[in-house]
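Before anything else, here's the structure in question.
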């Protein structure tokens, strides 16, 4: 028997700035199924991951919410871990890139690259926010597209015309953080000399480590010539400071992949049988696989292997690249309710439904996967409930009723049993190759054969015939053994169903090798329902809940003014246009005798005078200070008769009340009576 393989597996690190959604889950479920298969085969497979916890976006969100960056990433990590656990994703370790292991490894790798001559420095001119006192990444700059003239476009590309450009080409640039007009400022940046590794990368990307389509795409980039990679960011920045460079921080994409190593190192400290160098050393005989989406191929297939090579570590055995998730043939949409968070799904549906559906659609390629919700319901109900679970539910009752739950060892259909055993190597080969859809097709073809044979034998009819009880037990006994085989084949995909089946079968946790054996003269436990059908109404409820998630997300987080007083219900333009707002000159302002809160304002609105009572006394203890000021006035508000006289309209002010009331005023140049539009 061959030695167990040593395999280290990672999924891309989710960013610690938001919730996990079903698009993310495609990758983690795919990776988890592959790792579970390897463990069932007896291999030493280790699955590590971590939250990607650095960057300006995290720093700015924490600032908005009035908490520290550390508090934010701790809360998000706890949320992520809960979602993954409930989706049955079984990491050996889930860490954070904001860890001492990652700080030490990132600094050590950088210093090795620097000392080997692979780091360069040069001044870079970029936009700087004078209000926030920080340099702005491309996505934190907005302005008018220099190509098509569309306003409110990001600093690197236009969503209207698709053009790409430098931030300095934007017209009327503004900071997306503060709204200030940015200024150009020079700063010293640190660069990784990626071209030093061009020859190695050309060889490695054609070594079989990548799918062919991915290798072809990388060849285009390699043939066009590699550029140095900017690996530094200026303070303020949430991350690790570069050694010997005060105020300079590693760009998030430098320390993020090193987070794979850091998570494994953290695990090694708790599992003495694991040796860090045995998996990461330059001459390591272990296998290393990264499961990633096609949007981050360049980081993992160019920068990452070059960093590892330059720092004296091994390179990945392979990158397993997948496509995006679409829902009902379209990009996930918040407004349609198809941008579904992991937790929203879990609130409505069994995670194994989605695990199976993804498995039934996932192949080796990088094509996008479509979650068609009608097909999802039909496939799960037909395959899992109607085929697999149906075998056990059909047969268990006869064994308990006719033989006290003892499964006999007869084999009334040797050709059928042989077909199941002969299918095992092909199913294993499909799992190994990540051809999950092929594995599921072959498993369901076996389930169809088992169900057809049981229907042909009709134990429910035999049970009514005298002298046929032994045959009933033989048929149902084989049926349960075939069900057990199917459970073994499906266990990497459906671990919860497998655990429930193991309890019913009264067996220890099943391994892949168990498909070679049969249960005989074996006591079963009472049968309990193993899986229920998906109710379409629950899918609809999930979609509606996702729309509610969008509505909740549109409300700002933290303690800002919109949280204290949310935006009112939407109105159409005609309703707004019906309000006649005018510029008014406050000619006279005085106390109102007997009123605790009111001031009387005498207004000039051009060709007319108006008398207004306003509850702003607490903020303006000296009414005469308002005389001569211009303000905004609602001119067509119906007059209101009050104890102290008639109020003819309303002046506009902001603030929560008390001393915090701020009368609104127009810019200089406005004239009494002018309409506000």
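Quick reminder: no glycine exception, Cβ is built from N, Cα and C everywhere.
Annotations per Swiss-Prot:
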type    : residues           : note
BINDING : 145, 148, 158, 161 : Zn(2+) binding site
BINDING : 334                : ATP binding site
DOMAIN  : 575-677            : domain 'tRNA-binding'
MOTIF   : 14-24              : motif ''HIGH' region'
MOTIF   : 331-335            : motif ''KMSKS' region'
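Thinking about packing and proximity, how do these listed features fit into the structure?
Sequence-distant neighbours of residue 145 (Zn(2+) binding site) (same chain, 6+ apart, CB under 8 A from its CB) are 151, 153, 158, 160, 161, 163, 165, 170, 171. Taken residue by residue with DSSP, residue 145 (Zn(2+) binding site) is part of neither helix nor strand, so it is coil.
When other Cβ atoms within 10 Å of the Cβ of residue 334 (ATP binding site) are tallied across all protein chains shown, the result is 15.
Per-residue pLDDT, averaged along the domain 'tRNA-binding' (575-677), amounts to 90 for this model.
Beyond the ends of the motif ''KMSKS' region' (331-335), by six or more residues, the same chain brings 21-23, 324-325, 546-547, 549-550, 553 to within a C-beta distance below 8 angstroms of the stretch.
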Pop the Cα-Cα gap between residue 334 (ATP binding site) and residue 148 (Zn(2+) binding site) into the table, whole Å please.
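On Cα coordinates alone, these residues lie 27 Å apart.
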Hey, of the binding-site residues listed (148, 158), which one tops the CB count within 10 A?
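Highest number of other Cβ atoms within 10 Å: 158.
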DSSP says what for the motif ''KMSKS' region' (331-335): how many helix, strand, coil residues?
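Within the motif ''KMSKS' region' (331-335) the tally stands at 0 helix, 1 strand, 4 coil.
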Relative to the mean position of the Cβ atoms of 145, 148, 158, 161, the recorded Zn(2+) site, which additional same-chain residues have Cβ within 8 Å?
146, 147, 149, 150, 153, 159, 160, 162, 163
Which residue counts does DSSP yield for the domain 'tRNA-binding' (575-677) in the helix, strand and coil classes, in that order?
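Going by DSSP assignments, the domain 'tRNA-binding' (575-677) contains 10 helix, 46 strand, 47 coil.
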Summarise the motif ''HIGH' region' (14-24) by DSSP state, stating how many residues are helix, strand and coil.
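Helix, strand and coil residues of the motif ''HIGH' region' (14-24) number 3 helix, 2 strand, 6 coil.
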